[in-house]
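The next block holds one structure in the form of structure tokens; read it before the comments.
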Amino acid sequence: MADGKLQAGRDGRTLRFSLTGDWTLAHASALLMRLGGLATAGLLHEHLRDGGQQLARLDTGGLQRLDTAGALLLARLYRQLEDQGFSVEWPAPRHEHRALFDYARGCGEAVTVWPRIDGGFAGFVRHLGWLTLFFAREARRFTSFIGEVTETAVLTAFRPGQMRFTSMVHHMEETGLKALPIVGLLSFLIGMVMAYQGASQLQKFGAELFVVDLIGISVLRELGVLLTAILIAGRSGSAFTAQIGTMKVNEEVAAMRTLGLDPVVVLVLPRLFALMLTLPVLTFFADVMGLVGGALMAWSTLGINPDLFFNRLHDAVGLRTFFVGLVKAPVFAALIAMVGCYEGLRVKRDAESVGRLTTRSVVQSIFLVIVFDALFSIMFNFLEI
């Protein structure tokens, strides 16, 4: 059994890719790393910069065996070249190889090629290393996307005529105005639950009045912004991925590029700026509703009337506590919008990919929001805020 290999080189003004050996599941891990290396080595850009043609040729004369895993990797190479604008030639492929390749192309990238896991401790370590490389590669891609969006946003700030203000206002309505009912209702209920649970414990010590401190600090500092961000991640972040993903399936994003339009300017920036503007407003609304819910529950269970509640709140909770919660909102909004748009732009040409990446965007957004909330807590504690 010969190891599967991929060699890339320049043949005059044409890029030549030579596939040799066995492209099978047993060699999928090494081949996948090689494909990732091609994406980062700069070979394609260097070829175009030196005046080479946008033409790539696949040489499979030395290809001995090909299974579905190898066909998926070959389809990924083919797609990488097409995404860079190359026209790909594959002269005289074997009939069975071509049939398997066509099947893999039809599957898209919904299938992830995982390496075979050997038994024993060595196999576990090998698989753990592969997973580490996989997640490192995903982190690098997302970081690169953040850099691209940041650069485009800075350039757009000096060319405001390129900004899609109509689209931004539309997304402000969708992510902000229409989210007020659900955010307000849940925040109101959370405030009531906090007051009820706190009252049942504080009554044992005769410290019922301190329920105001509990509600004020927890809602203004943490729960208001965190609950709002999680709701928006599930509501708007998933919508961003589904909308952009559907456009990818319908090849509308490709049509934008053909017309000379930058998808980041047209699709990403309006959603990003809209969410960064609306999430602080939603957080403020959530804070108010949480305090109102807590005040009503404290009044009904402890007899703390609203005047006493808000006077105690004014004395116990400073304005700094309110701003500690509010300052997190734009950061959480940027994370949610970035993840939603990033996953949407990664959708391939099949409906299954839309659903899979929409689910992934919600999970990643909530995970990052909680991680950054923890980092904020550590930072504020270090700064004694």
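Cβ atoms are placed via backbone N, Cα and C, with glycine included.
Nobody curates TrEMBL annotations by hand; they come from automatic prediction.
Feature list (source: TrEMBL):
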TRANSMEM  179-197  transmembrane segment
TRANSMEM  209-234  transmembrane segment
TRANSMEM  281-302  transmembrane segment
TRANSMEM  322-342  transmembrane segment
TRANSMEM  362-383  transmembrane segment
Give the one range among 179-197, 281-302, 322-342, 362-383 whose Cβ atoms make the most pairs under 8 Å with those of the transmembrane segment (209-234).
281-302
Residues of the same chain, at least six outside the transmembrane segment (179-197), with any C-beta under 8 angstroms of its C-beta?
211, 214-215, 218-219, 223-224, 227-228, 231-232, 235-236, 278, 282, 285-287, 289-298, 301
